[in-house]
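Per TrEMBL, the features are as follows:
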ACT_SITE  Asp24  active site
ACT_SITE  Asn72  active site, proton acceptor
BINDING   Asp24, Glu211  Mg(2+) binding site
BINDING   25-29, Arg37, His41, 69-71, Trp73, Arg75, Arg192, 198-200  substrate binding site
Amino acid sequence: MSDDTAQRNRPDAAVPRHIAIVMDGNGRWARSRFMPRQAGHRAGVDSVRQVVETAGHLGVEALTLFAFSSENWSRPNDEVSVLMDLMLRTLQKESARLHQNNVRIRLIGERSHLSERLRLEIAEAERLTEHNTGLTLVVAVSFGGRWDMLQAARRFAQDVREGVRDPDDLDEALFSGYLSLDGLPDPDLLIRTGGEQRISNFLLWHLAYAELHFVDTLWPDFGAEELKAAVASFAGRERRFGLTSEQVERLSRA
Ligand code: FPP
């Protein structure tokens, strides 16, 4: 990797520009309280609220939340319905407040798999908040990192077929522009709650240089303090992007 990559990514930044979160552990949180899994998902929405607010206060530019993966469609039908319904109701309830707080809402994922009602609500929230300049809140729904790379490759191939692009021009920057997070910096920090230590087909392209922060805390127990602790842990890390420590030090003094 070049000096350029390190420079662009501000290796000395104390606050991540972009945080991505795998929100895991709702089911276990509910089970430990002898409650149905959906109670865990509902409690998870409170954590989403706290984390969005705190990320905004910390000056984070973008927050990407993995709300529903391509693979989650294989869960029992009633759980899928509960999650879709929760997403719809949360959007209806929270969009106006997020807009007041200058948050820009964006959805990434396979929209064609979502109900028309949910698609309309998403489009409305995106339209309402599109000119906001504060935190960009990206919600990944029916999303998978492999799906994202495939849809990007398909669209690029289409542009080649139409003569808009030349395959020889394809480089990282150009390919990134076809991916769902186009226009946002790569996540600097990935947080996963719930004790598992894996990426689970999340942002496969974009997490190339992310710092990873795994915690046992179940998602409904994750709030402002846990997010601040994750950011503090990030601030203590040396990000090298393939360079040596000495090179990174020189860059941060420049
Ligand atoms: C994983 O926990 C969590 C999910 C699959 C859903 C996350 C969704 C929310 C928090 C609510 C909706 C979000 C927004 C942005 C409105 P799990 O069910 O896999 O938990 P387990 O591993 O303990 O079973």
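Using the three backbone atoms N, Cα and C, a Cβ is placed for every residue, glycine included.
These figures come from a predicted structure and were not determined experimentally.
Overlay of TrEMBL annotations on the structure.
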residue: Asp24; record: active site; CB count, 10 Å: 22
residue: Gly25; record: substrate binding site; CB count, 10 Å: 25
residue: Gly27; record: substrate binding site; CB count, 10 Å: 20
residue: Trp29; record: substrate binding site; CB count, 10 Å: 24
residue: His41; record: substrate binding site; CB count, 10 Å: 23
residue: Ser70; record: substrate binding site; CB count, 10 Å: 19
residue: Asn72; record: active site, proton acceptor; CB count, 10 Å: 16
residue: Arg192; record: substrate binding site; CB count, 10 Å: 23
residue: Ile199; record: substrate binding site; CB count, 10 Å: 17
residue: Glu211; record: Mg(2+) binding site; CB count, 10 Å: 19
Nearest-integer angstrom distance between the alpha carbons (Cα) of Asn72 (active site, proton acceptor) and His41 (substrate binding site): 13
All-chain count of other Cβ atoms within 10 Å of Trp73 (substrate binding site): 12
Neighbourhood of ligand 1 - binding-site residues from Ser70, Ile199, Glu211 with Cβ under 6 Å: none
Where Arg192 (substrate binding site) falls in three-state DSSP terms: strand
Separation of alpha carbons, the residue listed as 'active site' and Ile199 (substrate binding site) (Å): 11
